[in-house]
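*Asks:* Encoded as structure tokens, here's the structure I'll be asking about.
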Amino acid sequence: MSLPAPLHTSAAAAGVRSSPDVICLLILVGSWLAAIAVVGPRGDFPIVDDWAYAVTVKALVQDHRLVFSEWIATNNLTSALWGSLFALVFGFSFETLRLSTLVAGFLGGAALYGWVRQAGFSPASALMAAFCLMFNPIYFQLSFSFMTDVPFTAALTIALALITRGVLAGRPGATAGGWAAALFALLMRQVGMAIPLAHAAANIVTRRPTWRGMAVAILPVVAFVAVQRGYARFLAETGRMPELYGMQSDAMWKMLAGPVAESIPVAAVFLLYLLLYLGLFLSPLAPGFVGAAYRDLGARWRPPIVLLVVALTVATTVALLALGHPMPIWHDALTVGGLGVSGDGPPAPGVMWVIVTVVSALSGWALFVALIAHGFAWRRWSPGMPWLMVFAGCTALIIAAPVAFISFRFDRYLVPMMPCLIMVGVIGACAARPDDQRGSSQAAFAILMAMMAAFSIAGTKDYMASRAVHDAAVRSLLDQGIPSERIDAGWVFNGYRNFGRFGTVRDMYSWLLTPDYRVASRPAPGYDIIESRPVQRWLPWAIGRTPILVMRRQAAP
């Protein structure tokens with residue numbers, strides 16, 4: 001069942017292979033390849049805990065068995081199949097798995113470009129949207145790993161784009177392809193359930209209720225619940241269910257089952273932090289989105305709205321600085337030193353993070369207020385846009401919901417929300433105007449996006465360089481005959497070398513026996529430095545600083 005398409009959708013869809021689109025896609029390809037070349041993807045070493053996801057690929061390719069690491073919490077089936085396709089061609093290695101994610105990273109950006117074009121917006125708007133996703137610091141850095149965040153986001157975006165095409169243009173083939181991509185996403189991460197739930201919400205909220213309409217809305221939800229339950233049962237009955245499987249959902253339900261007085265403050269703090277992170281990551285699009293809402297406001301509303309946003313920005317910034325929690329708050333992929341989990345670069349100057357905190361708060365509150373303003377103006381949008389706004393917005397909200405009710409949070413959990421919120425931003429900035437965004441908004445986007453991309457590329461290059469030197473130091477110790485259980489090289493390398501051999505699943509410190517040697521970026525008490533290996537860094541505050549140190553435990557007196 002299709003909705004009336006936006007007036008300019010048909011033209012955009014018909015011209016999706018037009019000269020401007022080809023040029024824009026070539027720009028995306030060239031930019032992505034150039035960024036990869038600058039960073040350098042080489043190195044047979046793990047990033048974050050992708051060593052656990054690599055276990056399944058290695059078993060599939062080399063032993064033809066389906067095996068999951070006990071460290072895995074996600075479904076991890078289709079991500080393993082995706083990595084195996086590349087491993088069958090190029091051989092199993094972390095370099096090969098990294099290549100598979102880099103390809104997925106580009107596909108995610110291209111899918112977002114196609115989604116925006118399918119919604120009827122210009123090639124320029126679609127190109128801006130794709131850049132905002134592909135050069136998001138966390139998305140870009142994780143593209144150099146075998147974590148599931150980027151492949152899942154790519155599959156999610158492909159699904160949303162195809163389902164949108166099916167609904168707006170009445171294309172059953174596109175709809176079928178969209179649900180196939182959505183199933184692929186679900187079997188990678190359980191939060192893929194957001195797609196049918198958001199689809200149901202969009203159909204129920206924006207359409208007149210009919211029995212057929214309710215069936216179209218509800219049946220995909222029922223089908224996906226059945227698939228998820230069936231897959232979990234398969235894992236349990238075949239002895240393949242990892243010990244940490246579904247850890248996040250278990251933590252969420254445990255908190256929700258507890259006292260409301262405990263869960264509400266946790267969720268409220270999360271929402272504030274979420275506003276800051278999304279304000280930062282969506283800041284290149286903020287001028288267009290906020291500017292469109294500002295121009296729609298009556299003259300008497302503009303001054304108080306501006307004062308409100310400024311007051312909220314000042315209050316948020318002062319509170320965070322007083323508490324000693326400026327951005328980045330969660331310290332996962334985005335850290336005080338740059339990018340990368342367990343990153344070992346020196347911290348950036350404090351004033352930089354104060355500025356980032358101000359920008360995040362200002363952009364976040366401005367976007368939030370503008371979203372409310374756009375909501376009141378939805379009747380002026382072209383046909384189909386309210387459905388798309390609800391579909392994209394609800395997908396993002398459902399992805400965020402479980403994270404709001406758990407005590408452990410990683411900023412990379414926000415990555416799958418980005419294409420949905422970028423689409424919301426494009427709709428708000430362009431839906432009511434055939435000329436799309438104004439020149440001033442595009443200029444502001446170019447400046448902010450260039451700064452974000454430069455940080456993403458330099459930060460990722462530094463992280464990869466540091467990991468390469470770190471890995472070389474560990475390999476040197478191993479070549480000297482020192483067993484891995486005597487080398488404390490950080491939880492990533494300890495997990496890769498020792499997980500399943502020593503200790504318990506949930507205790508990282510038990511993955512070592514006697515840490516007689518340490519490989520780290522900072523001296524450790526009780527250890528002598530026996531070697532210092534320099535790291536070539538690009539971030540200005542890190543140049544010439546923080547080598548990788550090889551240390552040996554001091555003899556007992």
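Heads up, the Cβ atoms here are built off N, Cα and C, so glycines get one too.
Sequence annotations record features per position, and here TrEMBL assigns domain 'Glycosyltransferase RgtA/B/C/D-like' to 84-226. According to TrEMBL, the transmembrane segment annotation covers 22-40, 71-92, 99-116, 122-140, 152-170, 176-198, 264-293, 305-330, 350-373, 385-407, 413-431, 443-460 (among others).
Any idea what these are sitting next to in the structure?
*Replies:* Under 8 Å from some Cβ of the transmembrane segment (22-40) lie the Cβ atoms of residues 102, 105-106, 109-110, 113, 123-124, 126-127, 130-131, 134-135, 140, 144, 453, 456-457, 460-461, 464-465, all in the same chain and six or more residues away from its ends.
Residues 12, 20-21, 23-24, 27-28, 31-32, 35, 105-106, 108-110, 112-114, 116, 149-150, 153, 157, 281-282, 284-285, 333-334, 339, 411-412, 414-415, 418-419, 422-423, 425-426, 429-430, 436-437, 442, 445, 449, 452-453, 455-457, 459-460 of the same chain, all 6+ positions outside the transmembrane segment (122-140), place their C-beta atoms under 8 angstroms from a C-beta of that stretch.
Residues 1-3, 5-6, 9-10, 13, 78-79, 104-105, 107-108, 111-112, 114-115, 118-119, 133, 139, 176-179, 181-182, 184-185, 188-189, 191-192, 194-195, 199, 384, 387-388, 391-392, 395, 415-416, 418-420, 423 of the same chain lie 6 or more positions beyond the ends of the transmembrane segment (152-170) yet place their CB under 8 Å from a CB of it.
Within its own chain, the transmembrane segment (264-293) is flanked in space by residues 128-129, 131-132, 136-138, 255, 316, 327, 329-330, 356-357, 359-371, 373-374, 377, 400, 403-405, 407, 409, 411, 414, 417-418, 421-422, 425-426, 428-430, 432-433, 437-438, 440-442, 444-445, 448-449, 452, which lie at least six positions past its ends and keep a Cβ under 8 Å from the stretch.
Proximity of distant same-chain residues to the transmembrane segment (305-330), defined by a Cβ-Cβ separation under 8 Å and at least 6 residues beyond the stretch ends, is recorded for 272-273, 276-277, 280, 294, 297, 336, 350, 353-354, 356-358, 360-362, 365-366, 369, 373, 409-411.
Cβ atoms under 8 Å from those of the transmembrane segment (385-407) belong to residues 3, 6, 119, 156, 160, 163-164, 167-168, 191, 193-195, 197-199, 201-203, 205-207, 248-249, 251-252, 255-256, 263, 266-267, 270-271, 274, 378, 413-414, 416-417, 420-421, 423-424, 427, 431 of the same chain, restricted to positions at least 6 beyond its ends.
Remote same-chain partners of the transmembrane segment (413-431), defined as residues 6 or more beyond its termini with a Cβ less than 8 Å from a stretch Cβ, comprise 108, 111-112, 115-116, 119, 121-122, 125, 128-129, 132-133, 136, 138-139, 142, 149-150, 152-153, 156-157, 160, 189, 191, 274, 277-278, 281-282, 285-286, 288-289, 291-293, 367, 370-371, 374, 381-382, 385, 388-389, 392-393, 395-396, 399-400, 403, 437, 441.
Residues 35, 38-39, 128, 131-132, 135-137, 140-141, 144, 283-285, 287-288, 338-340, 437, 538-539 of the same chain lie 6 or more positions beyond the ends of the transmembrane segment (443-460) yet place their CB under 8 Å from a CB of it.
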*Asks:* Which whole-number mean pLDDT does the model give the domain 'Glycosyltransferase RgtA/B/C/D-like' (84-226)?
*Replies:* 95
*Asks:* So how many of the residues in the domain 'Glycosyltransferase RgtA/B/C/D-like' (84-226) end up helix, strand or coil by DSSP?
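*Replies:* For the domain 'Glycosyltransferase RgtA/B/C/D-like' (84-226), the helix, strand and coil counts are 119 helix, 0 strand, 24 coil.
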